[in-house]
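Peer 1: Quick one: this structure, given as structure tokens, is what I'll be asking you about.
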Amino acid sequence: MSDYKDTLNLPKTSFSMKGNLANKEPMILNKWEKQGIYKKIREHFAGREKFILHDGPPYANGSIHVGHAVNKILKDIIIKSKTLSGYDAPFTPTWDCHGLPIELQVEKKHGKAGQSISEDDFRKECRKYAKKQVEIQKKDFKRLGVLGDWEQPYLTINFDYEANMIRTLAKIIENGHLSKGFKPVHWCTDCGSALAEAEVEYADKVSPAIDVKFKIKDKDKLAQAFGLDSLNHDAFAIIWTTTPWTLPANQAIAVNNQLNYSLIKIEDFYIILAENLVEQTLKRYAIENAQIIATTTGNKLTGIIAEHPFYSRHVPILHGDHVTDDSGTGLVHTAPTHGVDDFTLGKEHNLSMEIFVKGNGCYSENTKLFAGEFIFKANDRIIELLGEKKRLMNSDKIKHSYPHCWRHKTPLMFRATPQWFISMEKQGLRDKALQAIKETSWAPSWGQARIEGMVKDRPDWCISRQRTWGVPLSLFIHKETEELHPNTIEILYKVAEKIEKDGIEAWFNADDCEFITETAQYKSVKDTLDVWFDSGSSSMCILDLDKRLSYPADLYLEGSDQHRGWFQTSLLVAMSAKGSQPYKEVFTHGFVVDEHGRKMSKSLGNVTSPQDIYNTLGADILRLWTASTDYKSEMAVSDQILKRTADTYRRLRNTARFLLSNLDGFNPVTDIIEFDKLVKLDQWAIAKTKEFQDKIIEAYDKYQTHTVAQLIHHFCSIEMGSFYLDIIKDRQYTAKTDGHPRKSAQTAIYHIVHALVRWMAPILSFTADEIWDATLKTTDLPIQLCEWYTGLKSFDQDAELDLEYWAKIQEIRSEVNRVLEIKRNEDVIKASLEAEITIYADKYNYKLLEKLGNELRFLLISSKADLKVIEESTSSSIAANIPGLLIEITKIEEPKCERCWHRSSTVGDNPQYKDICSRCVENITTEAGESREFA
């Protein structure tokens, strides 16, 4: 037996089978750094049409989690796909660097500002801490393969950014949107500060639910309201509340003029309830012998005076539009300093706005009975006191959704304080913002309705904070009237100039006289700006000012929580400062959860960290998982899910390796064969690749990364792995090295590789770089500077063997493979090359298959394939799952060729080569080798 190994075209490539990504990726990153790859991209695409994806700043505190990784990877994929489409698509990373979380970290080490450490030194430590956190996160983002201007990121602590925030505020004031107000705002006792809507999250809380009796002072007036002559017992207005701690601040009871109210006798007293709530309320009280005495409307009750349940204070009954008879009692306890509706009613009727609760959540010294107590702890004492005073009608517990601080996870209170607001109504900001939302493209589409609802119902934006680490509000107000200084705009621009030079410290360390001359009449405001104003100003501070970028951004892409956060604050800042929306399109992705749909939590032990993933599996696995997951909803990740992703990656890598290894000896300059002269199957491969490329580019353009990932996987596994590459192995390995059949396949492979590596590049950035290095090419450009491959061709419209034809051939081949598997399981054959395949076809299928002539066997990977009319079928033939087709498999008895392993009667025909077939002899001995037309 001769050794024919040297006569075969065995595959050869430098591209390894094993990814070994965790070790290789840092080396590739190092190469990119040395090449200055991001700078080269910017230079290469300078002057092209721009595409701007504006980065929403992550908070500079702690290592990145998998949600951060998903967000940056998705952005990177989109940027890279836009670059492939020929856009100048810069990516400038940003970071949010002011605010309470950083203050808290610095406090742990240095103590509170103004106590253990000076405020100036405290700010320096905050700045130092933020910069350190940025470097930690930056290293992780770069390790993920995210390309961007990492050397010049935008930090909200950059002096120019801080200054431009002040200039943005000046524009907002100039446009008439700023207002000062004494209003109830969400207040965190742990933060010691007001919170913006975006900083409030809702969680279940168990609260006391009590019904309180307010004794009616003038029974005769009440009797008259119900059309009665008199009342012979005391009467009580009943309110229901889940915040007993607000009762010291009660100033009124609200009813609705349009609702009906009932007077009910219970033993020796009367109570007032909304008519529609009588039955369920009495049931809640477990009272069965009550008697409804009379009914009246709410407008008859207004003006009647009640008595506070434990203070010597008169409480009027007033009309309130917010009062309903859906729940409670239909009479609403009103504490103007602790609720928005309460405050509105209080302003309307000039009720007392006395402050009973301090910023730390304790009652002030002027709060009788409870001075100094923490409000939530005082609930039990208040309930006890109501019982002693015989003013407690009912006491229960309720589990309900309650506002909590997003940082401390502790319950919030509504507290009226003097604050600065961006008014939603003053200059029609709400209506303008709602119109801008309509003019923006939202994906998923429900995002539009979500943000519309939020903007429609949101209160004025409280932008002032009582914190140390933040951009100063930089305002001066009159010491008596508290009106803004008449030269506020000029002063703000002056402040901005100083901050641009020395940072926010230039304000905090300056005397008022450095900015104004009228220090006897005016004083500076010590508040800082809401940290959401920092990030919300990014479109004004970055897009509108950086000539490398453009306003508005083409795309904002963040998590779905940003409808109430950055999407909304960006919109409000831009609309109030510039009068136009900051974005053309807004995309949201879901949160990352575990495989059971649970939120990531250390206590559950289900946290998947990006660092663990890239240090074990590699960043490309994390990138592939991110791209493969439909990010419009929750994104599930776990070790098992990542293992499946790694399996998918191996299939893609093996496909690339097979393609590359079969280009050995191919010269793309001299060996390329024109499309019309290729073997028909190779024409199909190129046309099919073109079809997939069109779909992939369309999916990238729609930011449908999961569709891209599915298409690439299907292309590699089905179109290539299960069909094309499986068929051409014989031709690649056994045909004459420089013969037409092999060069034809290599031409197709060359085109496929150049298309495939570009499809992969946005997602599998490290692997694509590795493939590119191993690819034959006629350019010195790195893959990051390439555009979509243009060397593919489609079939002409009149092509006989077009994509539709080959799709039918694939169906038939799948059926043949199914029957081959049956015969393998029956031990009739061990491999398909041992099979003699006979296909019995009706007229339609016969016509399809006969076009392939004697090359049908190569498509079926068998040694012999016969085509016969269906009428000749035998009892041993098996019906295909295609109408008009029967398949018969028998074991071929002819000898095996030791070179190509086909069974052939021609083995031994040539006395010089006794153990190989005539086809192999032809490939070894003749100048041209065998010829192929179809497969």
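Residue numbering: from 1, along the chain as shown.
The backbone N, Cα and C atoms fix where each Cβ goes, glycine too.
From Swiss-Prot, here are the annotated features:
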| type | residues | note |
| --- | --- | --- |
| BINDING | GLU558 | L-isoleucyl-5'-AMP binding site |
| BINDING | LYS602 | ATP binding site |
| BINDING | CYS897, CYS900, CYS917, CYS920 | Zn(2+) binding site |
| MOTIF | 58-68 | motif ''HIGH' region' |
| MOTIF | 599-603 | motif ''KMSKS' region' |
Peer 1: What same-chain residues lie close to the motif ''HIGH' region' (58-68): Cβ under 8 Å, and 6 or more beyond its ends?
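Peer 2: Residues 95-97, 99, 101-102, 105, 130-131, 133-134, 136-137, 140-141, 155, 559, 591-592, 600, 607-611, 613, 637.
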Peer 1: Does DSSP put CYS900 (Zn(2+) binding site) in a helix, in a strand, or in coil?
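Peer 2: The residue in question, CYS900 (Zn(2+) binding site), is coil (DSSP, three-state).
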Peer 1: As a quick check of your reading of DSSP, tell me how many residues in the motif ''HIGH' region' (58-68) are helical, how many are strand and how many are coil.
Peer 2: 3 helix, 1 strand, 7 coil
Peer 1: Under DSSP, the motif ''KMSKS' region' (599-603) has how many residues in helix, strand and coil?
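Peer 2: Result for the motif ''KMSKS' region' (599-603), in helix, strand, coil order: 0 helix, 1 strand, 4 coil.
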Peer 1: List the residues in the vicinity of the Zn(2+) site, defined as same-chain residues other than CYS897, CYS900, CYS917, CYS920 with C-beta within 8 angstroms of the site's C-beta centre.
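Peer 2: Filtered neighbour residues, in order: THR734, GLU898, ARG899, TRP901, HIS902, SER904, VAL907, ILE916, SER918, ARG919, VAL921.
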Peer 1: Out of LYS602, CYS897, CYS917, point to the one nearest GLU558 (L-isoleucyl-5'-AMP binding site) in space (Cα versus Cα); all of them are binding-site residues in the record.
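Peer 2: Ranked by Cα distance from GLU558 (L-isoleucyl-5'-AMP binding site), first place goes to LYS602.
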Peer 1: For CYS897 (Zn(2+) binding site), list the number of other Cβ atoms lying within 10 Å of its Cβ atom.
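Peer 2: I get 25 for this one.
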Peer 1: Among the binding-site residues listed here (CYS900, CYS920), identify the one with the smallest other-Cβ count within 10 Å.
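Peer 2: Least crowded of the binding-site residues CYS900, CYS920, by Cβ count within 10 Å, is CYS900.
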Peer 1: Once near-sequence residues are set aside, which residues in the chain of CYS917 (Zn(2+) binding site), 6 or more away, have Cβ atoms under 8 Å from its Cβ?
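Peer 2: Counting only residues 6 or more apart in sequence, the Cβ neighbours of CYS917 (Zn(2+) binding site) under 8 Å are CYS897, ARG899, CYS900, HIS902, SER904, THR906, VAL907, ASP909.
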Peer 1: Measuring Cα to Cα, how many Å separate CYS920 (Zn(2+) binding site) from LYS602 (ATP binding site)?
Peer 2: 64
Peer 1: State which of the following binding-site residues has the fewest other Cβ atoms within 10 Å around its Cβ: GLU558, LYS602.
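Peer 2: Counting other Cβ atoms within 10 Å of each of the binding-site residues GLU558, LYS602 gives the minimum at LYS602.
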Peer 1: Which of the three DSSP states, helix, strand or coil, fits CYS917 (Zn(2+) binding site)?
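Peer 2: In the DSSP reduction, CYS917 (Zn(2+) binding site) maps to coil.
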Peer 1: Does DSSP give GLU558 (L-isoleucyl-5'-AMP binding site) helix, strand or coil?
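Peer 2: Where GLU558 (L-isoleucyl-5'-AMP binding site) sits, the three-state DSSP reduction gives strand.
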